[in-house]
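**Student:** Below are the features listed in Swiss-Prot for this protein:
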MOD_RES   Met1  N-acetylmethionine
MOD_RES   Lys31  N6-succinyllysine
MOD_RES   Lys36  N6-succinyllysine
MOD_RES   Ser39  phosphoserine
MOD_RES   Lys46  N6-succinyllysine
MOD_RES   Ser56  phosphoserine
MOD_RES   Lys57  N6-succinyllysine
MOD_RES   Lys78  N6-succinyllysine
MOD_RES   Lys90  N6-succinyllysine
MOD_RES   Ser100  phosphoserine
MOD_RES   Asn105  deamidated asparagine
MOD_RES   Lys121  N6-succinyllysine
Amino acid sequence: MNFSGKYQVQTQENYEAFMKAVGMPDDIIQKGKDIKGVSEIVQNGKHFKFIITAGSKVIQNEFTLGEECEMEFMTGEKIKAVVQQEGDNKLVTTFKGIKSVTEFNGDTVTSTMTKGDVVFKRVSKRI
């Protein structure tokens, strides 16, 4: 399955609780909670580029499945992680006590991030 495309956020659950759990300042949480960000994914074999635009903030991360890479987290912090593919439609990684699962189903992408007992879920649709 090729994951390339542009996707816009439709819904999110537990945004504020998750952002607090990962140390995001309250003023940034308030600014970001209603933004319907756009993610552009470019896949070339096992190599991926994610460009995430939320308001004026743009985060660009590149990785190759199964290889350690450095990525920018939503807090602006640089992290090291290894992204794996599970089955035909899931990208999974764990970093700093956070498990991230991105699942592709047709024109819908569901991203779930879990830290402790706080689960943040974001659903995006292809545009």
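Numbers run from 1 along the shown chain.
Any Cβ shown, glycine's included, is placed from N, Cα and C.
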**Student:** Of all the modified residues here, Lys46, Lys78, which one's CB has the most other CB atoms within 10 A?
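**Tutor:** Answer by Cβ density within 10 Å: Lys46.
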**Student:** Check the modified residues Ser39, Ser56, Ser100, Asn105 for other C-beta atoms within 10 angstroms of each C-beta and report the one with the most.
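**Tutor:** Buried the deepest by this measure is Ser39.
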**Student:** Can you tell me how many other Cβ atoms are located within 10 Å of the Cβ belonging to Lys121 (N6-succinyllysine)?
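**Tutor:** Total other Cβ atoms inside 10 Å, all chains included: 16.
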**Student:** What Cα-Cα separation, expressed in whole Å, is found between Met1 (N-acetylmethionine) and Lys78 (N6-succinyllysine)?
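**Tutor:** With the alpha carbons as reference points, the distance is 29 Å.
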**Student:** Name the one residue among Lys31, Ser39, Ser56, Lys78, Lys121 whose Cα is closest in three-dimensional space to that of Ser100 (phosphoserine); these are the modified residues.
**Tutor:** Lys121
**Student:** Just to verify a number: CA distance, Lys31 (N6-succinyllysine) to Ser56 (phosphoserine), in angstrom, no decimals.
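**Tutor:** If we compare the Cα positions of Lys31 (N6-succinyllysine) and Ser56 (phosphoserine), the gap is 11 Å.
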**Student:** Round to the nearest Å and give the CA-to-CA distance linking Ser39 (phosphoserine) with Lys57 (N6-succinyllysine).
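**Tutor:** The separation of the Cα atoms works out to 12 Å.
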**Student:** According to DSSP, folded down to helix, strand and coil, what is Lys31 (N6-succinyllysine)?
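**Tutor:** The three-state answer is helix.
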**Student:** On a C-alpha basis, identify the one among Lys46, Ser56, Asn105, Lys121 that is nearest to Lys78 (N6-succinyllysine); the candidates are the modified residues.
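**Tutor:** Out of the listed candidates, the nearest Cα belongs to Ser56.
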**Student:** Can you tell me how far the Cα of Lys46 (N6-succinyllysine) sits from the Cα of Lys90 (N6-succinyllysine), in Å?
**Tutor:** 13
**Student:** Do you see any of the modified residues Lys36, Ser56, Lys57, Lys90, Lys121 whose C-alpha is within 10 Å of Asn105 (deamidated asparagine), and which ones?
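**Tutor:** Of Lys36, Ser56, Lys57, Lys90, Lys121, within range: Lys90.
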